[in-house]
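Note sheet for the following structure.
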Amino acid sequence: MQDLCTMVHLCYCLFLVLSPLIELKDSQIIFCTDVVSAMLIRATGQNLRLAYLRSLESLDLVKQIEVSEFLFSGDIAALIYLCNPFTIVACVGLSTSPIENMAVILCLYGACSRLIPLAAFGWVIATHLSLYPAILIIPVIFLLGCGPDSPPRKLFLQRHQQKEVLNQSKLPPRFSWGPVIHFAFWAFLWSVYVLVLCGISLKQFGGLWEMFKSTYGFILTVEDLSPNIGVLWYFFAEVFEFFRNFFLIVFHVNILFMILPLAIRLRHRPCYLAFVYVAICSMLKSYPSVGDSALYLGLLGWFVNELADMQFSLFLFCGYVGVSLLSPVMHNLWIWRGTGNANFYFATAMVYACLQIVLVVEGVSAMLNHDRKLRNLITGKPQDAKS
Amino acid sequence: MAETKEKSLSDEKPKPRVRPIVRLGIFLISHSFHVSVVCCTAGVLALFLLPVLAKNTYISENALMPGSASPMLSNQHVSDGNRLVKDLTNPNSKSSETGIESHKIIAQYMLDLGAEVSFHKFHPQMNQFHPLHFFSSPDSGKIQENYSCSSYGINTVGIIRAPHGDGKEAIVLVTPYNALKSGFGEALSLGIAYSVFSLLTQVTWLAKDIIWLVADSQYGEYAAVAAWLREYQTPKFSSLSTPNAEMCPDVNNLFELKGHSISGSKFSNSFRRAGTMASALVLKVRDQNEQFEDTISIYAEASNGQMPNLDLINVVNYLAVHRQGLRVNVEKLWSLLNSSWLKSLGEIFESLAKVAKSLYPKWKFGIPATEYVEGTATLASSLYYQALGVPTGPHGAFRDYQVDAITLEISPKFSLDKVWRNDILLRGGRLIEGVIRSVNNLLEKFHQSFFLYLLTSPSKFVSVGVYMIAFALLIAPLPMVAASLYVDANSSSNCSKGDSSTPSAITDTDEHSIAIRSWRWLNSAKLVFIVHLWGAIVSLLPYFISQIPDCSPTTSFMIWVLLSILSLLTLNSVLASPLACAKATQEKEWALVKSVTISSVFIGLGLMSVINFATAEIGALLMVPMCLLAQPLKLDVRAGTLRSFCRMICNLVLGHIAFPPAAFFLLKGMLDGFGNANVGDFWMWVESLWAWNSATYLFIGMVQLPCWVLCISILFHTC
């Protein structure tokens, strides 16, 4: 259903101008978007790796952490994105989620390589297509303000206090408002542009307000209850009508609640913050699809070096494999064979949601542990570390 | 260990209390050996307890009301039926070579009753390779090019429209009939169906249309019914260029004859339909019988172990036993009936129940030993036929379209006098009438009662909630052992790291320190993935082998084995890159491989238990011990203790038994004797599996075989 929504959007803005909608299903556009996304992921991953190495260098930790053993996270992330069965399924099924994914990746790529107009364009289009990427504005602001992922700024200060020489050039830059304002300007420009285009093409269909109602409204009110891999369809099929509005607010505020604490805790790692946001959105959005999981699993590849100590990796892997095999079977049992019922399928959806939660929780704690480890390397036992 | 030290240093406070659930998990993982022994024994024991735990069936759907109305089938209808039997067994009707005459007789009889009649012509479909077919909905069938006019079948279909119905629902009555060499039994089954049919044209209570399908069984009963159903549910519009059955002169001939011999308002050339099918009954009468009383056998297993709703069986059972005085049978494994160990097991259970009852009078769970043995034999056959995934009769075709259907086979005590024949016609007819009347009462589809169950006798069943316990106990050790192996392998390597270097530093001695720590299992996962990929290839190979013309089963099987070995070697050399070999020297590598193997087996078994429970149960009985026991033989030899020696013997035995062909021959030998075992038999068996699109075939190819290969590779691991 998200597809439908995106299709409507695409119809409204881009493809009405560029190419007729019908061609989307026939042509290779979706395949191409996947390839382009993978290339962008690779480029961003290389950026991140370089930034990480640079920060290690300025912390003088290069010797203790075998830099030569560092994996090329960009390549790995791109490979994960391309070889992921979820991506393949979404591509073969001609879902439009690869296009949404590309918009998100475009935004992050632009922010990482400081192409501010591109970042603004990606953010506007991603928001326009599926609304949820709107919260990516926070990591993008951090990215533009302080540069890509690095250990906490506190560490650099401590390091240089030990050495008692405060070398300003080795410190990460302070938060600068210039690029952010630049970004805001471009974002404003692009959204005006998109809205004007939509307004022109929608003149005979009831204007912009009608578009907002039937796209964002459709996403926010969870009108379509046909089964998907999320949990909301089941919940809203069961809930009493007079509680519906209340729970709609609860579920959507749920995402908003997580934004602030995560932003505070992970502000020094904006790309990782973006990954966490994307994962949370794909868990709590109203019409999730496997294409969303493909996106955040691909982004996970960027942090291969940092997440080397992640726990439960085998468990998570087996869980993903098991759920992605079991849920079509359950669906078959319920819809086709008629021997099962909705609970069978919903059970797999719940397991899937739990797996995503475990992934996010473990990922965040592994990242924090990594930071802690770096801190220990600097402060805890410096002489040991050097030996 | 290094990490924990770091943590304690950085936190500088006492470790937080571990949550009880985590502590329970840690306890289970650390005692995984005892837990797995207990769980597996309990699982096998629970399987043997199932006949004791079986519940009596009950009719769950209120609307059915079986036997509430007195049967209306009278002697008048019986004599009508008798007339048809006489006409069909009359030697004159068999004069025609294609058996068209008898079809015409049947059609004439139907028309005389005022039913709509049409013929359905079909070509028998060849066996095709479609192992994934169980997952998709049935298609309209491929249009084959090599249709010839020489091989086609004719189904005769009669439809009664319900006077009170809206024509949206229908009940199907099927009688297989081979016009060329029909026995007396088939004619009798037609007679019974006809007498019921003639009654149903007159009754006023009918709310659903009645379809009587006389299925031409010269190409097999299933093929005829399946062809008719395919046409009924998914009509195909073939282009004119493909040769069609209508073009054959013989068939046209049939219609011409019809045209002037029958007053043709109700007869039509086109395919006739009624509403959606509420349920279907297949009626057969067996020719020879050695039983002393009239019995009726129920066959219910459809493809992939799907069963019709239990209520349908209940209704038939209730009406047959309590109204018509027929003995009801379900299939048994006869060889189990005389086994002494089963009898003694039953006696043990019986005496245990007695003891329990003497302790507390309300505990009444025991059943007599003979009943236990019979229940076990029925349960075993129920499991066997479900696991095979091959339908036990024409009713299987209906289940593919979510229609509940069973086959009723009446085996009368044999005598030839007319009174006896009338009696069988009357009782059989009344049974069918009662069942149809009950189904006619239904407002919705069958949905109240169970779809997932095993029968231990016609009136006793084990529901999914009970038999799943046995299965869950059997596979419960798998994740635990996998977790404990994984933790062991990781902690041992961590220990070695901790010893060799200082705790906080991330080690210069250890090469792969950062890249692989918690991701070490990826290497083993790659191996497991390769082997499963190989399993997929092996499962696809028969498609190509079956294209080779004039190949005997034995040679086909040999080619299959050779190609499989070849592909395994190729895959191994191509995909298992030298990089992996360099890393494979890690200690405890086998433990990680075993851990990932067990995880994959767990996923595979869990998946299969949803698709086809019986296959998963039998597979689990074979694979779980093998997976759990597998350990490099070298280690066992080196240890040299009694325990390791026992384990080695068990490993070797299980390694032989769990190989799918070996398991097949062993099972076949136990059932039929080892005398006439042939290598080609396995090929034939496998061929039948994929031709019936059984999921068991995929299970063997993609779960059991890879698991066996991985276990063997663990056994011969050089560590």
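Every residue, even glycine, has its Cβ placed from backbone N, Cα and C.
Residues 345, 349, 376, 379, 454, 456, 462, 466-467, 469-477, 480-481, 483-484, 487, 617, 620-621, 624-625, 628 of the same chain, all 6+ positions outside the transmembrane segment (B:21-50), place their C-beta atoms under 8 angstroms from a C-beta of that stretch. The transmembrane segment feature in TrEMBL is assigned to B:21-50 (among others).
If you look up TrEMBL, you'll see B:464-487 (among others) marked as transmembrane segment.
Here TrEMBL flags B:527-545 (among others) as transmembrane segment. Outside the transmembrane segment (B:527-545), and at least 6 residues removed from its termini, the chain residues within Cβ reach (under 8 Å) are 129, 131, 551, 556, 559-560, 563-564, 567-568, 571-572, 575-576, 580, 593, 596-597, 600, 686-687, 690, 697-698, 701-703, 705-706, 709-710.
Here TrEMBL flags B:557-579 (among others) as transmembrane segment.
Annotation comment: TrEMBL describes B:591-612 (among others) as transmembrane segment.
The transmembrane segment annotation in TrEMBL covers B:618-637 (among others).
The transmembrane segment feature in TrEMBL is assigned to B:649-671 (among others).
Counting only same-chain residues 6+ beyond the ends of the transmembrane segment (B:691-716), those with a CB under 8 A from a CB of the stretch are 127-135, 303-304, 387-391, 527-528, 531-532, 534-536, 538-539, 568, 590, 593-594, 597, 600-601, 604-605, 608, 611-612, 615-616, 619, 622-623, 626-627, 630-633, 651, 655, 658-660. Positions annotated as transmembrane segment by TrEMBL: B:691-716 (among others).
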Which residues of the same chain, at least 6 past either end of the transmembrane segment (B:464-487), have a Cβ under 8 Å from a Cβ in it?
28-30, 32, 35-36, 39-40, 42-44, 46-47, 49-50, 53, 450, 452-454, 521, 591-592, 594-596, 598-599, 601-602, 605-606, 609, 613, 616-617, 620-621, 624, 627-628
Under an 8 Å Cβ to Cβ limit, what residues of the same chain, 6 or more beyond the ends of the transmembrane segment (B:557-579), are close to it?
526-527, 530, 533-534, 537-538, 541-542, 545, 548, 551, 679-680, 682-683, 709
Tertiary contacts of the transmembrane segment (B:618-637), as residues 6+ beyond its ends and Cβ separation under 8 Å:
36, 40, 43-44, 47, 383, 387, 471, 474-475, 477-478, 481, 590, 594, 597-598, 601, 605, 608, 644-645, 647-648, 650-651, 654-655, 657-658, 663, 699, 703-704, 707-708, 711, 714-719
